[in-house]
Amino acid sequence: MTAQQTELQYLPPDLKRELLPKHVAVIMDGNGRWAKHQGLPRIMGHKAGVDALKDLLRCCKDWGIEALTAYAFSTENWGRPHEEVDFLMTLFQRVLRQELREMVEENVQIRFVGNLSSLPRSLQAEISRAMEETKDNCGIKFTIATNYGGRQEIIQACRAIAQKVQQGLLQPDEIDEATFERHLYTIGICDPDLLIRTSGEMRVSNFLLWQIAYSEIYITDTLWPDFDRHEFHRALCAYQQRERRFGKV
Ligand code: FPP
């Protein structure tokens with residue numbers, strides 16, 4: 001355990017347990033800039049980003065947060081240079097293989113969401129194994145959005161619903177929010193209470209478009225690899241100051 005993990009191993013006393021978000025979602029932005037600032041190739045930023053994500057997962061677990069969802073690769077990220085895409089795919093696979101045992105032991109339930117069928121076969125196999133081996137775990141729900149796009153998710157839900165209507169399994173006037181949610185990748189996971197984006201960009205970038213309808217958004221200038229427990233603590237303090245009205249007065 002690193003020094004800063006030990007220092008903030010337990011929920012800081014200025015945070016109210018009953019006001020913690022149940023589900024935190026993160027847009028892990030700024031890996032490339034972080035690497036550039038260190039005089040390193042961009043891919044080293046992604047490598048450092050994995051360590052930040054592992055620390056955050058452990059922190060959520062230590063502090064009693066029920067679900068963490070991370071945006072690892074968007075449907076638009078295929079437009080990056082070949083070498084970077086290849087590096088990321090290999091990195092996901094390697095990290096999954098290396099970390100799976102520990103995640104099983106720590107009772108983490110891993111889920112990947114997105115259009116997984118276009119990922120490299122070997123990565124798909126690793127993903128299936130990780131989801132299968134952790135499906136009965138009842139600890140933190142850790143969701144990784146990979147080849148994920150919010151619009152694409154909504155379209156695939158519409159198609160699935162339309163097919164059921166065509167087959168006479170569903171009537172159009174039976175389609176409500178609950179029906180729709182059952183056709184999203186995130187079925188069974190509550191909507192994020194808090195969405196964090198690093199590196200100062202004020203965008204949602206096609207992430208969980210349906211699910212973040214009422215999420216509180218926290219944006220920090222910190223680059224993702226530098227996002228540590230202290231930063232997370234700051235984000236949670238800001239979150240606990242918010243008054244969540246869900247459209248009411
Ligand atoms: C955005 O930073 C980051 C990504 C597109 C990749 C994020 C992936 C990880 C942190 C690895 C996660 C690993 C697993 C196993 C889930 P950027 O490259 O857009 O940074 P920039 O805006 O500074 O260029």
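Each residue, glycine too, has its Cβ placed from N, Cα and C.
Copied over from TrEMBL, here are the features:
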type: ACT_SITE; residues: Asp29; note: active site
type: ACT_SITE; residues: Asn77; note: active site, proton acceptor
type: BINDING; residues: Asp29, Glu216; note: Mg(2+) binding site
type: BINDING; residues: 30-34, Arg42, His46, 74-76, Trp78, Arg80, Arg197, 203-205; note: substrate binding site
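In the structure as shown, the Cβ atom of Trp34 (substrate binding site) sits within 10 Å of 25 other Cβ atoms. For the recorded site, Gly30 (substrate binding site), the DSSP three-state label reads coil. With a CB cut-off of under 6 A applied against ligand 1, none of the binding-site residues Thr75, Trp78, Arg197, Val204, Glu216 are retained. When each of the recorded positions Thr75, Asn77 is scored by how many other Cβ atoms sit within 10 Å of its Cβ, Asn77 comes out lowest. Spacing of the residue listed as 'active site' relative to Asn77 (active site, proton acceptor) is 12 Å (Cα to Cα, whole number). Sequence-distant contacts (6 or more apart, same chain, Cβ under 8 Å) of Arg197 (substrate binding site) comprise Val26, Ile27, Asp29, Arg203, Ile217, Tyr218, Ile219, Thr220. The two recorded residues Gly30 (substrate binding site) and Asn77 (active site, proton acceptor) have their Cα atoms spaced 14 Å from each other.
Non-local neighbourhood of His46 (substrate binding site): Asn31, Glu84, Phe87, Leu88, Leu91, each in the same chain, at least six residues away, with C-beta under 8 Å from its C-beta. Using a 10 Å radius centred on the Cβ of Val204 (substrate binding site) and all shown protein chains, the other Cβ atoms total 15. Under DSSP, Glu216 (Mg(2+) binding site) is assigned to a strand (E or B) in the three-state scheme. Between the C-alpha atoms of Glu216 (Mg(2+) binding site) and Gly32 (substrate binding site), the distance comes to 26 Å.
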